[in-house]
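Below you will find the structure I want to go over with you.
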Amino acid sequence: MQKLLIEGGHLLNGKVRISGAKNSAVALLPASILADTKVIIEGLPDISDVETLSYLLEEIGGEVERKGQTVHIDPAHMTAMPLPNGRVKKLRASYYFMGAMLGRFKEAVIGLPGGCYLGPRPIDQHIKGFEALGATVTNEQGAIYLRAKELKGARIYLDVVSVGATINIMLAAVKAKGRTVIENAAREPEIIDVATLLTSMGARIKGAGTDVIRIDGVEQLTGCMHTIIPDRIEAGTYTIMAAAQGEKVLIDNVIPQHLEPLLAKLREMGVHIEEGEEQLLLHRGNGLKSVDIKTLVHPGFPTDLQQPFTALLTKAEGTGVVTDTIYQARFKHIDELKRMNAQIKVEGSSAIVQGPTPLEGAKVKASDLRAGASLIVAGLMANGVTEITGLEHIDRGYANLTEKLDELGARVWREEMSEKEIQQFQNS
Ligand SMILES: CC(=O)N[C@H]1[C@@H](OP(=O)(O)OP(=O)(O)OC[C@H]2O[C@@H](n3ccc(=O)[nH]c3=O)[C@H](O)[C@@H]2O)O[C@H](CO)[C@@H](O)[C@@H]1O
Ligand SMILES: C=C(OP(=O)(O)O)C(=O)O
């Protein structure tokens, strides 16, 4: 088991290239189950979620061949093998095996998903969608059993705007008989990316990226080639790092429009940002002013950037209020930031950040993926060395993190933890 060490205070300079989007990749891999022939996906990020999903595809009989950032998946010999536990619990997106396997085999047995614990993360809307399409869904000892004689298109109104439910229903509906309409659908760029792959496979989908998606079922889907969009959350994290500790930083391979809510808030804080077609350039300014942020469904401020943004606010002059309306308890990073001298108070679904407070290096624990990102932002700014444990969370979503930070001039390295440290970590 490793820990991440950061010697803070060094200015970041240079270029960082953003990897393919985690939240696309984790849906595109299971989507390959629906094809009859080989699916080729390019631009895969080097993260543990991708590795785990690749193993799951192999567990059900897929032939998965990875060459750098490209993966070839031959789904021809896949079967409806139950996946009740094991790797399924390591990540959130294993829930996409429900929609994809139901779509192809009309049956699936999948354990309840894991992923970041951000407070309760129900999947009732996914189940509502599968049932509307004609499936019987039962929860037996922590595994979801899905069975259908036939899947038939239906009109499904999501009571909650959900990324996972929107994609899962698309996966289950592309081979159903007739038309499915998803109303109050989520509108994230990753949903468009999944719809693009499915369309290249032969699916008929209209409206992805709006809140009404229409899907006309087809009998057969075939293999294709697809390139993943850049990761807007990874890009946003490096943009926040550049705002916190950058002198001149170029963020390469981004779609700036995907980051508008973040860029607007950073500009309000006084950060200088130049937008290119696929790049962002940040220059060091004259101090930062505090702002308030409220996370909302897309295209609002993304909840996945709330935690790293909170760390940045410790450097800004004044009081900033951070409210998370998507995951009201997504504040596990706050106690760790406080260990580093941050002045933050949590009240209900808001964190009130008083700045500027010079941060001090400390031993801290990443409780989830973006809590980890928040601690990295803090560590880059802090005096002295910060030691971060819980890297298994960070490795789920940040490809080649130490290499990318090293290229920007940060002093960041990994070390093996001693037996005693592992014990302390497991007991904390
Ligand atoms: C793998 C992936 O893409 N993960 C992202 C996805 O997670 P995920 O797909 O799990 O998140 P959802 O969009 O489904 O969740 C949004 C909100 O709806 C609620 N909800 C969701 C489904 C449901 O059936 N019932 C219900 O009540 C959730 O508790 C949450 O409050 O979107 C989140 C919100 O942008 C991001 O933080 C995650 O990074
Ligand atoms: C919450 C996240 O991921 P997941 O849904 O995969 O747990 C995230 O990417 O911030």
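Please read every residue number as a count from 1 along the shown chain.
Using N, Cα and C of the backbone, Cβ positions are placed for all residues, glycine too.
A TrEMBL annotation is a machine prediction, not a hand-curated record.
Checked TrEMBL, it gives:
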- 7-405: domain 'Enolpyruvate transferase' (DOMAIN)
- Lys22, Asn23: phosphoenolpyruvate binding site (BINDING)
- Arg92, Arg121, Pro122, Ile123, Asp124, Gln125, Asp304, Ile326: UDP-N-acetyl-alpha-D-glucosamine binding site (BINDING)
- Cys116: active site, proton donor (ACT_SITE)
- Cys116: 2-(S-cysteinyl)pyruvic acid O-phosphothioketal (MOD_RES)
Got a sec? Which of Arg92, Cys116, Pro122, Asp124, Asp304, the recorded positions, have CB under 6 Å of any ligand 2 atom?
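From Arg92, Cys116, Pro122, Asp124, Asp304, counting a Cβ under 6 Å from ligand 2 as near, the near ones are Arg92, Cys116, Asp304.
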Looking only at C-alpha atoms, tell me how far Ile123 (UDP-N-acetyl-alpha-D-glucosamine binding site) is from Asn23 (phosphoenolpyruvate binding site), rounded to the nearest Å.
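Cα-Cα, rounded: 17 Å.
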Of Asn23, Gln125, the binding-site residues given in the record, which has the fewest other CB atoms within 10 A of its CB?
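The binding-site residues Asn23, Gln125 were compared, and Gln125 has the fewest Cβ atoms within 10 Å.
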Three-state secondary structure of Ile123 (UDP-N-acetyl-alpha-D-glucosamine binding site) from DSSP?
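Coil, per DSSP.
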Express the predicted model's confidence over the domain 'Enolpyruvate transferase' (7-405) as a mean pLDDT, rounded to an integer.
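So the average pLDDT across the domain 'Enolpyruvate transferase' (7-405) works out to 97.
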What is the number of other Cβ atoms found within 10 Å of the Cβ of Lys22 (phosphoenolpyruvate binding site)?
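A count of 26.
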In angstrom units, rounded to an integer, how far apart are the Cα atoms of Pro122 (UDP-N-acetyl-alpha-D-glucosamine binding site) and the residue listed as 'active site, proton donor'?
13
Using a Cβ-Cβ cut-off under 8 angstroms and a sequence gap of six or more, which residues of the chain neighbour Ile326 (UDP-N-acetyl-alpha-D-glucosamine binding site)?
Thr295, Leu296, Val297, Thr303
Starting from each candidate's C-beta and looking 10 angstroms out, tell me which of the binding-site residues Arg92, Arg121 has the most other C-beta atoms.
Arg92
Of the recorded positions Arg92, Cys116, Arg121, which sits closest to Lys22 (phosphoenolpyruvate binding site) by Cα distance?
Arg92
List the Cα distance (Å, whole number) between Arg92 (UDP-N-acetyl-alpha-D-glucosamine binding site) and Cys116 (active site, proton donor).
7
Where the distance is taken from Cα to Cα, which of the binding-site residues Asp124, Gln125, Asp304 turns out closest to the residue listed as 'active site, proton donor'?
Asp304
Cβ-Cβ under 8 Å from Asp304 (UDP-N-acetyl-alpha-D-glucosamine binding site), same chain, 6 or more residues apart: which ones?
Ile233, Gly236, Arg370
What is the separation, in Å, between the Cα atoms of Asn23 (phosphoenolpyruvate binding site) and Arg121 (UDP-N-acetyl-alpha-D-glucosamine binding site)?
16
